[in-house]
Structures are given as structure tokens and as C-alpha cells.
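J.: Would you mind keeping the following structure in view while I ask a few things?
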Amino acid sequence: MCLCVLMCCVPVCIDVPVCIDVPVCIDVLCACSFSRWKNCCIRGVLSMAMISGFFMMIYLGPIMLIVVVMTIQIKCFQEIIDIGYRVYHSYELPWFRTLSWYFLVCVNYFFYGETLAEYFGALVQREEPLQFLVRYHRFISFAVYLAGFCMFVLSLVKKHYRLQFYMFAWTHVTLLIVVTQSHLVIQNLFEGMIWFLVPVSIVICNDIMAYLFGFFFGRTPLIKLSPKKTWEGFIGGFFGTLVFGFILAYLLAQFQYFVCPVEYNSETNRFTAECEPSDIFVMHEYTLPFTVQSILRWKTVTIYPYQIHSVALSTFGSLIGPFGGFFASGFKRAFKIKDFADTIPGHGGIMDRFDCQYLMATFTHVYIASFIRGPNPSKVLQQLLVLQPEQQLSIFNAMRDRLRDRGILPPAATEAM
């Protein structure tokens, strides 16, 4: 059978039997006698399938992206918990799996309840049951968690004390790594889809670029935790990711759908992304440094300020982001496993694909909070709507007096009010 190996930069056509031990649809595309090329082909085909699915999720909108993030979170949690279950031979531990999933529900209830209160103020205001849940959300969350804590204590048995506490810690560290950072992914999404899409795409691009540069030019090992990683792939991935991030930022910054914060419209009961784009999504002219002027023969360049931010994101994603993968590699070596699971042929488990994404999401959230986010009038208004009428009136009078003192409200307008 003569087939061309895909996604390896150059077509290679050879007569070989069909590959085995992979799905039939991939066998047809990955006929190849050398395991090196076979693995490249499998990864390439499935990468294209996952990227296509990702584009479909973007088309379906923010709700679908939130559902996807939650689904990935649950699958990653399952993979890590299953490793602990197998490694520590926890088959006889009472309630272990039940409590692990119970704590997952508790932590998600806490985080998504906070999101409901922050982004859905108008909806909360008109629904009496939601007002109660939001008002006492943290107390309810603590009470629900405390019930799980008591169940764990009651489940302790004499011959399994140490193992049970191992698994209790294992569950909570997994919650910290997976659920907390998944919540940050969704927070980034609400800031504007561009803050979700660019970081995610940067990590995907860096993974592909590093793999291709390492595949064709790799000679020098990078780190013992990942023997297949090379300096050539690491450096090539860095420069490739910088270019990709800069171009992608330019393309997405042109569309309101991507740059505007995702907000819930209580009148239409839908998420909307409509706004006047902020300054970082408006073209600015910048004067180039003299040394760059002498090389490019340009004195100025007109770009979106967000493209400059994309350079910071790309730098982190390509230089620090891979350490999330190295951390995962060290974790797997510690427990003598090759992958977190075998969900995706050639890639391993879902967690194998998202180890760097979680680290990138945390950096993006911190970056937005430190350098981008300012006061959001929409969020302030939603919080005001939740207050009691007398509290709203008190704030109104205080604002009126403040504006009068600053001369923003003319006396005539003040008297009329």
C-alpha cells in the first residue's frame, strides 16, 4: 500500500503494510514501517482532528466553550484520581472514589457560584431562589465541604489510616491543579474570547512547532525528564510561537466578537460580546528604536497594542509553559507510567494535552489582573442591582453629591434631580 505520511512537513510515500494497534481510520493514513514516522503521522492526524473540533467549539460560542472546559476538567480529574487508585492499590479503601467525586462537586459549586454572582447579577436579581443561594453562597459551600470532611473522618479504618490520608491529600492536590485552574480559564473567557483563544492557541502552536523542529533538527537533549525534548525544538518552538502569536493577535483584534467581554444579557437570555473596543484593540502608531529603523528602513509601525501583549503571552507560553509538561513528565516517571491515560492515540490522556494549558491559563489570569483589567462599569452595575432599594438610594445620593462637588453635575441639573 502506497500512502503519504501527513503532518511531517514533507510527503513520504512508501510501500508498507497497514499499521496495527491504532484505530482503523488512522491505520489507513499512517501506513509506515518506521515507528518514528508512524508516531508523527498519528499525532498529526489526531492533532488536525482536535484543532478542527476546537474551531467548531469557537463557532458555537462561549457557552459551548465553557461546557468543553468543564468536560476536560472532569476527564483530567478522573485520570489523575485513577492513577492514585492504581498506584496505591486503593481498591479496599471505603468511600474513596465516592468522596473524591463529592469533593469535585463541592469545589465546582463554590467556584461557579462565585461566577454566577459576578457575571449574572441581573438574572440573580429577578430570581428569588438564586438571591438566597448567592447571599449565603460561601456558607453553603463551606457546609457542603464540611459534610464531605466528616464523611472522610468517619470512613477511617485502623489498617488503612496512612493510605487514606495519602489519598485525601492526593484528591485535594488534584482539585488545586485541575479545578482551580479550569476556573481561571473560564474567567479569562469572560474577559473576552481573545484572552481565551490566543493563550490556548499559543500553547498548541508551541507544542507543534517544538515537535516539528525537534523531529527534523533535534540533536541536543534538553532535559532528562523528557528525553525526546531537544534544544533545537525548544528554540525553534519559541521563535515560531512568537510569530504565530503576533499574527493571530492581529487577526482576532479586528473583531468585536473576540475582543469584547462576554456578558449575560438578561433581556435576550443570551451571552453577548458587543462593546466599544478598549484602547488595546485600537490601532496605534509606534516609533521604532533607531537600530531597528536602520535595519528595516521604517521609522514607525502601526499595530494593535494587544499584539505587544501577545509577545509577552507567547514568550511565557514557549519558555515557561513547557515546564508544565516537564512537571507532568516528572510526575509520570515518579509513578512509572507512560501517559496519564490512552484516550487519544499518539497523545496519551487528556491531561497529557492540557498540562501546559493550565499553567498558561494561570499566567494569563495574573497578567490580565496586573496589566489589563480596570474598573468594569457593567460589573459594578450588576452588583448595585443586587442591593436593597434603600442601599441603592444611599449610593445614588452619595454619587450625586460627589459629582456636584467635582463640578461634573451643573447646579441646574442637580436641582432638577
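Just so it is clear, glycine is given a Cβ too, placed from its N, Cα and C backbone atoms.
Because the structure is a prediction, the values reported are computed rather than measured.
Found this in TrEMBL, in case it helps:
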- 1-15: signal peptide (SIGNAL)
- 45-72: transmembrane segment (TRANSMEM)
- 93-112: transmembrane segment (TRANSMEM)
- 139-157: transmembrane segment (TRANSMEM)
- 164-186: transmembrane segment (TRANSMEM)
- 192-218: transmembrane segment (TRANSMEM)
- 230-253: transmembrane segment (TRANSMEM)
- 306-328: transmembrane segment (TRANSMEM)
J.: Sort out the residues at least 6 away from either end of the transmembrane segment (230-253), same chain, that have Cβ-Cβ distances under 8 Å to it, and list them.
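T.: Here the qualifying positions are 194, 197-198, 201-202, 205-207, 209-215, 217-222, 259, 281, 303-304, 306-307, 309-311, 313-315, 317-319, 322.
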J.: Which sequence positions outside the transmembrane segment (164-186), separated from its termini by at least 6 residues, show Cβ-Cβ distances below 8 Å to it?
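T.: Beyond its ends, the transmembrane segment (164-186) has Cβ neighbours at 66, 69-70, 72-73, 76-77, 80-81, 84, 88, 90, 93, 96, 99-100, 103-104, 107-108, 111-112, 115, 152, 155-157, 196, 357-359, 361-362, 364-365.
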J.: Kindly say whether the transmembrane segment (192-218) and the transmembrane segment (93-112) touch, using the definition of 3 or more Cβ pairs under 8 Å where each pair is 6 or more positions apart.
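T.: Since fewer than 3 Cβ pairs under 8 Å link them, the transmembrane segment (192-218) and the transmembrane segment (93-112) do not come into contact.
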